[in-house]
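The structure under discussion appears below in the form of structure tokens.
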Amino acid sequence: MSAAGVVKAITPPNIRARKGSTPLVCLTAYTTPVARLVDGHCDIVLVGDSVGMVLHGLPSTLSVTLDMMIMHAKAVRRGMERALLVVDMPFGSYEESLEQAFRNSARLMAETGCAAVKLEGGATIAETIRFLTARGIPVMAHVGLTPQAVNVFGGYRVQGRGEDAERIWRDALAVSEAGAFSVVLEKVPEPLARRITEKIPIPTIGIGASAACDGQILVVDDMLGLFGDFRPKFVKRYVELGEAASAAIEAYACDVKERRFPAAEHVFGDEPKAIKGREAT
Ligand code: KIV
């Protein structure tokens, strides 16, 4: 909070400076109400392309478009004051050329007010990260399991076990050297996450990558129990909102069928009546 009482938003350099100190708290959000819930508790709010699977029922993130990301990012921006807003670049929006990556990232920032973008990929995307950061676009990188490459991996398996650890290590080093201000490590074994976190100068944000990381991120719908029966090992469910919502909807259906809802207090009469705490209705 500034002297004038204005909340100062967290910036990419603030995140970068948190390396090795208090763990960074990060969650996804795709809507204004959820953004309002998470903003005060998080350092980073990510509009992830997971929105395609979580809210749109798509089978993977591959068909998420830039327009979808812009629409959700605008909604999230309206609910935020404090956390750093980062938005995922969707599959196909940055891989073709440096110019394409810049054009689409700049559009995302200009239209949504986000302060940074996230790109998936390691060494192969390092040149793009260097190009964007040199032109005013802060980049959060994402290595390990990169869901946009699900067809190359043949599934959503843990990455970097055994000899494969070297590949992920080189990816993390490459994005760090290219100028990313932080890097998501997804689904990698704890010893590798620890090694990367100890050796690179930017914060690592883990998802399925252990508490050795400099911060943690989860898909908010997963930790609230809102995304069906999806229960991967790395997610802790803090509440079962899906079950609570299902019970509430069942109770409503029963009430409607039994004519218990609407009850007298939900019904308008001929005369306006003042109800405590509300205007006359
Ligand atoms: O799309 C997403 O939500 C993500 C996070 C899970 C890191 O990339």
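Cβ from N, Cα, C; glycine included.
The structure displayed is predicted, hence computed values, not measured ones.
Pulled from TrEMBL, these are the features on record:
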- ASP49, ASP88, GLU120: Mg(2+) binding site (BINDING)
- ASP49, SER50, ASP88, LYS118: 3-methyl-2-oxobutanoate binding site (BINDING)
- GLU186: active site, proton acceptor (ACT_SITE)
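The number of other CB atoms found within 10 A of the CB of ASP88 (Mg(2+) binding site), across every protein chain shown, is 29. Taking the C-alpha atom of ASP88 (Mg(2+) binding site) as reference, the shortest distance to any of the recorded positions SER50, LYS118, GLU186 belongs to LYS118.
In this structure the alpha carbons, written CA, of ASP49 (Mg(2+) binding site) and GLU186 (active site, proton acceptor) are 14 Å apart. Across the residues annotated as binding 3-methyl-2-oxobutanoate (ASP49, SER50, ASP88, LYS118), the two Cα atoms farthest apart lie 12 Å from each other. Here the recorded positions are ASP49, GLU120, GLU186; the one with the fewest Cβ atoms within 10 Å of its Cβ is GLU186. Within 8 Å of the Cβ centroid of the 3-methyl-2-oxobutanoate site, not counting the listed residues ASP49, SER50, ASP88, LYS118, the chain contributes THR28, LEU46, VAL47, GLY48, VAL51, THR61, VAL64, MET69, VAL87, MET89, PRO90, GLU120, HIS142. Recorded residues the residue listed as 'active site, proton acceptor' and GLU120 (Mg(2+) binding site) have their alpha carbons 10 Å apart, per Cα-Cα distance.
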